[in-house]
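The block underneath contains the structure these notes are about, expressed in structure tokens.
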């Protein structure tokens, strides 16, 4: 009995000791002890660096400086008994108090003056009564004039008192400014070391209140191991001690996503309460990382956890959870790419996705398509789109010849009234080598006129032609268009796009008959040109039967063609693909890996990658009838595109727990109204411009243009558009006119007035304060300093000044005639305040620098660096 008791006691003691040892060596505790040692070493190194600087600058050791610091306290006590010194200190306090009061009075008068001046200018711009504002301006200007000299006098007196105090301290042996600075650094380092030593080894966590009810809803303990996440000096350390790579955007209290509010797993996913590497559900990015983790941490995939961490490859997916209403995020290039591809390639045509319900179909309507184009082109297009177009939006469906002919017959069966016919001069339908000299010259004259219209109307922004243009990839490539469509259809389309396609985004240019004919000649002229009537099917066609139409209809329904095209009789046809609104939440055990089970990673991101790379790969080795086979077409994405679109799909989640963290969208359902709305709809302004979140990003955002641009300039620009950004002069090979290079809307004077009135009344920033005084524009010293800053900061690298400088940004030669100086001032202080995607860097300018640069840019500049500017009026 005693023996058993002794053994059990020993076992109990050993178990207790084992539990102590196990607790002491818990994973997170070892990390904290190692990190504490690393921090102490870094502080010792920092202290040694200060000592070296003391030796170099003061000529004695850091230890000697510390001894001098101890004497400082005694000397200060003695000096505080000196009557003259005490008197000077009191005078300093009194002066600082009086200066504060007078400066407050001056600042109050200035703010009132600026406010009244703002309303004065606003009323004056609208040609309304301004006498009361003028009187108030004079009154507050007088108050400023009275207060300013008193403020300057107090500042001068205060400087004198400070110099006397500094002199008395120097005579008594008080440390110099440099000695004090070094001593302060040493004391701070030593204090920091003491705090590090006192820091307990304990679980560190962030409690997140996601629904603002003051009760934590989520706990993240990641910082128990990731201890250097927000600390300087740990940028190159190995994990888990490395600092976060982007404190500007995350973690820090000044970032948009502070740790205290967002934690870690809101973005990274994973198991927040976990305190070990495996339990946190880390996900490696690639085979190399997985092998390293297995060797170092014994990593394995955490089974049955619904939210495994995103690998760093796809980390940008999390941005979409909160920023789903924003089309572009500066720091999420792959998410931007994926979202753009999802929209441009028309994925929402087959798949329902929240936020894409009202998007227009990306393909043209197929009514009368066989009248618009010819059968041989349709055949080749359906067989392999990329053989007809280098970068087609339409995917490859792997159709055989029989299926293509069946689809063509169905499309022919739904044709309606024939296209209108127009008269064309017979010589235009000849090959160039068949024309007489007179005919060739007439054709060439028409061609050159069309070439000029192509440039003036900026067609090359949306369309490429023979490999040139199409920078924004909006409209179809018009190269080899003669193989595809006839002149009659093209004439009708250019004249009235919405008559053929109600949802077309192509602007209506209001071209004359002669202009349309000239443009068509430029677009369709081809040395190898053949008349349309000579086209014929050159493929062996099977004998056509009535069953072809039924089979063609079935194929179109099976492959969901009505998701991208309006097709007569299929207006209410549902989408053929799965709902993707919450695909990022889909559990892995609900995915079908088919016969590839065990041959690929068992994760959602790997499944999506394979599905997009080879959409029908999961049919390999399976026995299925035709209707059961996978039907998703081939998009031929490259590796970058695959990464982007998988990132976007992983971001499609339904996370109700983060609703209060979502980025607030400022505008909802904007629609241009009144007479302006009618004009905007007629010429499709929102095809290129965006207003309050609606529209496109191919031209400047007009949301706040009324607070940015001056009325007179707006009217002149709308009447006769000119170049603001030289780089946007599209396609110099086309000899674009230097006088008119923006889209010509052919607006009447009344329409110009209507648009300008709407802009100045509605498209303004009501929260924009008046921070810059127009009076400063005429100050020579400010203009001179601003000119110097313009070149010192490298502004001329992107912006033109006369004929000097770059062509990426807007021409700033006459910025003052175009823009309000207050807008210029606020924009150069913070470009992202007005445009989230602004390429302009934030220079961190001081008030004085921003004021000087604004005074220079807003001024009427005649010379730069003493030389007369060479520029044309614009």
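The backbone N, Cα and C atoms fix where each Cβ goes, and this holds for glycine too.
Caution: TrEMBL annotation is automatic and unverified by curators.
Within the listed segments 102-150, 151-199, 200-248, 249-297, TrEMBL records coiled coil for the stretch 151-199.
Taken residue by residue, the domain 'Cytochrome c' (333-415) breaks down under DSSP into 45 helix, 2 strand, 36 coil.
Most Cβ pairs under 8 A with the domain 'Cytochrome c' (547-653) among the ranges 333-415, 445-527, 781-861 are made by 333-415. Over the domain 'Cytochrome c' (781-861), the average per-residue pLDDT in this prediction is 82.
The DSSP breakdown of the domain 'Cytochrome c' (781-861), given as helix, strand and coil counts, is 43 helix, 5 strand, 33 coil.
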